[in-house]
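K.L.:
One structure is given below, represented as structure tokens, and several questions about it will come after.
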Amino acid sequence: MTLTPVAPLPEHEVRVRAPGKVNLSLRVGPREDDGYHAVSTVFQAVSVFEEVVATPSEQRTLTVSGPQAELVPTDGSNLALRAAALLADRAGIDDGVHLHLHKGVPVAGGMAGGSADAAATLVACDALWRTGLSRDDLLELAAELGSDVPFSLAGHTAVGSGRGHLLTPALSRGEFHWAFAVQDRGLSTADVYAAFDDLHGTALVPDQDDDVPLMQALRAGDPRALGAALHNDLQMAALELDPGLAEPLAVAQDAGALGVVVSGSGPTVAALGRSRQHALVLAAAFTASGVADRVLTAAGPVAGARVVSSTD
Ligand SMILES: C[C@@](CO)(OP(=O)(O)O)[C@H](O)COP(=O)(O)OP(=O)(O)OC[C@H]1O[C@@H](n2ccc(N)nc2=O)[C@H](O)[C@@H]1O
Ligand SMILES: Nc1ncnc2c1ncn2[C@@H]1O[C@H](COP(=O)(O)OP(=O)(O)O)[C@@H](O)[C@H]1O
């Protein structure tokens, strides 16, 4: 009798992709007693992705690759490891996991890369460990990890209230095309909110009615109207901390962007194009003028954190 060698089973591996975001509108109210500002924001998930690969392991460990990987902490402060620990705790699991993050979203760039890693890790470990938690349970854990994490899980287009963590899906037609001017230097979200307080003192409570034209532009799939309605209350604070951001803002305007805005707390600058082709023209203008360390193009909206492959 001859024995046919059996190929080893592939190691169980779950691969999840989660998108970055741009805040189409970010309206900031006063700082509340919990230290957070009440916000009203309209998020759009864009096709710049983080990928998280989760495999079983004795310990909980992490490796990182991609542009700016050296800027990402690999200790317990990493949002992905915090997400795995929180999920294990809530689900009563003490399995280890190895997480590999491949970063496509700028680090500390105002596009929620860390939040995307956390959301992707919740989805990956939930699948690996078969926790049986519901989507709503995962959204609750996401909100504990950070204000932007629920949106990274949900994706598409949504209005965020509270700290930005309470989401209402918003209607949006068609695709919008963006060019992003990315900087190697990051901006700390906490510092930008503190600079906002210094500039504005007692901010007004944000009013969602201010975003009616923006919501109409989304429903109509009208990039010109969307460009005119882009708004970011943190932009002045980001410019105060990083005056050099005036340059990519001006370059995009001169190159005919339909609208240009600092993404979230910055320093990434987002420029809206008329079409995919026009977004490439805007990206070329960023590159030619030397105002960005890296340039990306992307389309939105796209889905939130999703399993892309699983060996089991
Ligand atoms: C500005 C925004 C816009 O979407 O995104 P980023 O630019 O960071 O991507 C968000 O409000 C950031 O969300 P996120 O990055 O998840 O922040 P968190 O970890 O929750 O908070 C980091 C710090 O930011 C400040 N913070 C955050 C959210 C909020 N509504 N008010 C705040 O004052 C607090 O000082 C907090 O300690
Ligand atoms: N998985 C992660 N990826 C990136 N940064 C992380 C991660 N976990 C923790 N951090 C820390 O969070 C900071 C902000 O991260 P990031 O989410 O990229 O930016 P932003 O909040 O501007 O969207 C980083 O400077 C880094 O110190």
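The count begins at 1 with the first shown residue.
Glycine is no exception: its Cβ is also placed from the backbone N, Cα and C atoms.
What TrEMBL records for Lys21, Asp148 is active site. For Pro106, Val107, Ala108, Gly109, Gly110, Met111, Ala112, Gly113, Gly114, Ser115, Ala116, the entry in TrEMBL reads ATP binding site. According to TrEMBL, the feature domain 'GHMP kinase N-terminal' maps to 78-155. If you look up TrEMBL, you'll see 214-289 marked as domain 'GHMP kinase C-terminal'.
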K.L.:
Roughly where does the domain 'GHMP kinase C-terminal' (214-289) sit in mean pLDDT, to the nearest integer?
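P.N.:
98, rounded to a whole number.
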K.L.:
Nearest by CA distance to Lys21 (active site): which of the binding-site residues is it, out of Pro106, Ala108, Ala112, Gly114, Ala116?
P.N.:
Ala112
K.L.:
Any same-chain residues 6+ apart from Ala108 (ATP binding site) with CB under 8 Å of its CB? Would you list them in sequence order, or say none?
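P.N.:
The list for Ala108 (ATP binding site) reads Leu71, Gly186, Leu187, Ser188, given in order along the sequence.
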K.L.:
Go through the binding-site residues Gly110, Ala112, Ala116 and pull out the ones with a Cβ less than 6 angstroms from some atom of ligand 2.
P.N.:
Gly110, Ala112
K.L.:
Quick one: which of the recorded positions (Lys21, Gly114, Ala116) have their CB closer than 6 Å to ligand 1?
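P.N.:
Result: none.
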K.L.:
So of Gly110, Gly114, which of the binding-site residues has the fewest other Cβ atoms within 10 Å around its own Cβ?
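P.N.:
Relative to the other binding-site residues in Gly110, Gly114, Gly114 has the fewest Cβ atoms within 10 Å.
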K.L.:
Quick check: which same-chain residues outside Pro106, Val107, Ala108, Gly109, Gly110, Met111, Ala112, Gly113, Gly114, Ser115, Ala116 lie with their CB within 8 A of the centre of the ATP site CB atoms?
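P.N.:
For the ATP site the neighbour list reads Gly20, Val105.
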K.L.:
Using DSSP, what's the helix, strand and coil tally for the domain 'GHMP kinase N-terminal' (78-155)?
P.N.:
47 helix, 8 strand, 23 coil
